[in-house]
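Worksheet for the structure shown next.
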Amino acid sequence: MSSSTKPLVGAYSGIFYIVGAAFFWSLTSAFVKVVGQGGVSSQQIVLTRAAVTLIYSYVLVRWSDEASLWGTDLTLLWLRGFFGFATLSCFFFALTKLPLADATVIHYTNPVFTALIAAAVLGEELRTSELLGALASLAGVALITQPSFLFGGSGAALDLTYVGIALLGAVCASSAQVLIRRLRKTEHPLVVVFYFPFVATIGGLPTAAVTDLQWPTLWEWIMLIGGVAGCAQVAQILLTKGLHNEKAGRAMAVSYLQIVFAAGLGLLVFGEAVDLWSIAGALLVVAGTGFAAWKR
């Protein structure tokens, strides 16, 4: 790498981490979709992902010479884990009750909440470029997902209870990201990552027990452990590192690239056609994230 490019890479290292996280999150969603189509409940997927990721996280923390397993700010670490678990539970539940496009676009309102919460709680400056970039990206998400409450479609009214749960998941996701940003001052990134599956496993045991349990097949176990949990672990580490190097609002605007990656995987893996709306949305997402990142 030339000396002229090193400063550029260093300045945008957080952005690069978050782009990588977006790609692995899209892989995680693809595996969740495949396993869910087989009849495994969403809460079982949450628990399995949390339990397996807990093992990954524990090993990584133990291998690190710098990280202390339990950290120092226990209150914020437990809160970070709780909000992460609540995010997964709300989002996966909404996916089972709402059309996929509707649940997705509602969940991806979370970067807007992140910027607002970070400004209120952390005192971070909310720049016009970040707000415009987030709004442009959200508009792009709407074009790609084409939710029925914006584009018509079946015309069936959405249950406001399920919409509320989806929005609650988005707010919880925003709260978790702001806590990650706050914890960078006191905690090693691997410790912050560890608390998410640790708390989610504790919370997932009783919630999964009250659902209609279905024992996964061998192939489903492979996808749950290697696909859902493995990709999610990589994504979580990259996201945490990214948030340690970037402001929360700008970081979450860039994370909209997950939708672009998901559109590509949908076409390649599930044969989901990409129409003109999706292409326009992808371009808008890229433009919005690029504007938010470039206007530092």
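Just so you know, glycine gets a Cβ as well, placed from its N, Cα and C.
Automatic prediction, not curation, is the source of TrEMBL annotations.
The annotation transmembrane segment is assigned in TrEMBL to 12-34 (among others). With a cut-off of 8 Å between Cβ atoms, the residues of this chain six or more beyond the transmembrane segment (12-34) that come close are 45, 92, 223-224, 227-228, 231-232, 234-236, 238-239, 241-246, 250-251, 254-259, 261-262, 265-266, 269-270, 293.
Per TrEMBL, the feature domain 'EamA' maps to 13-145 (among others).
Annotated transmembrane segment per TrEMBL: 46-64 (among others), in sequence order.
For 76-95 (among others), the entry in TrEMBL reads transmembrane segment. Sequence-distant contacts of the transmembrane segment (76-95) (same chain, six or more residues past either end, CB-CB distance under 8 Å): 32, 36, 42-43, 45-46, 49-50, 70, 103, 106-107, 162, 165-166, 168-169, 172-173, 175-176, 179-180, 182-183, 187, 191-192, 195-200, 203-204, 207.
Among the features that TrEMBL reports, transmembrane segment is placed at 131-150 (among others).
Sequence annotations record features per position, and here TrEMBL assigns transmembrane segment to 162-180 (among others).
The domain 'EamA' annotation in TrEMBL covers 164-291 (among others).
TrEMBL lists 192-209 (among others) with the feature transmembrane segment. Nonlocal intrachain contacts for the transmembrane segment (192-209), taken as residues 6+ away from its ends with a CB within less than 8 angstroms of a stretch CB, comprise 41, 43-44, 46-47, 49-54, 56-58, 60-61, 69, 71, 77-78, 80-82, 84-85, 88-89, 176, 180, 183, 233, 236-237, 240.
Residues or ranges marked as transmembrane segment in TrEMBL: 221-239 (among others).
Positions annotated as transmembrane segment by TrEMBL: 251-270 (among others).
Positions annotated as transmembrane segment by TrEMBL: 276-294 (among others).
The DSSP breakdown of the domain 'EamA' (13-145) into helical (H, G, I), extended (E, B) and coil residues amounts to 109 helix, 0 strand, 24 coil.
Among the recorded stretches 46-64, 131-150, 221-239, the one sharing the largest number of Cβ pairs closer than 8 Å with the transmembrane segment (251-270) is 131-150.
Helix, strand and coil content of the domain 'EamA' (164-291), in residues and according to DSSP, is 104 helix, 0 strand, 24 coil. Here the transmembrane segment (46-64) has long-range neighbours at 85, 88-89, 92, 188, 190-191, 193-194, 196-198, 200-201, 204-205, 207-208, 216, 224-225, 228-230, 232-233, 236-237, meaning same-chain residues at least 6 beyond its ends whose C-beta is under 8 angstroms from one of its own.
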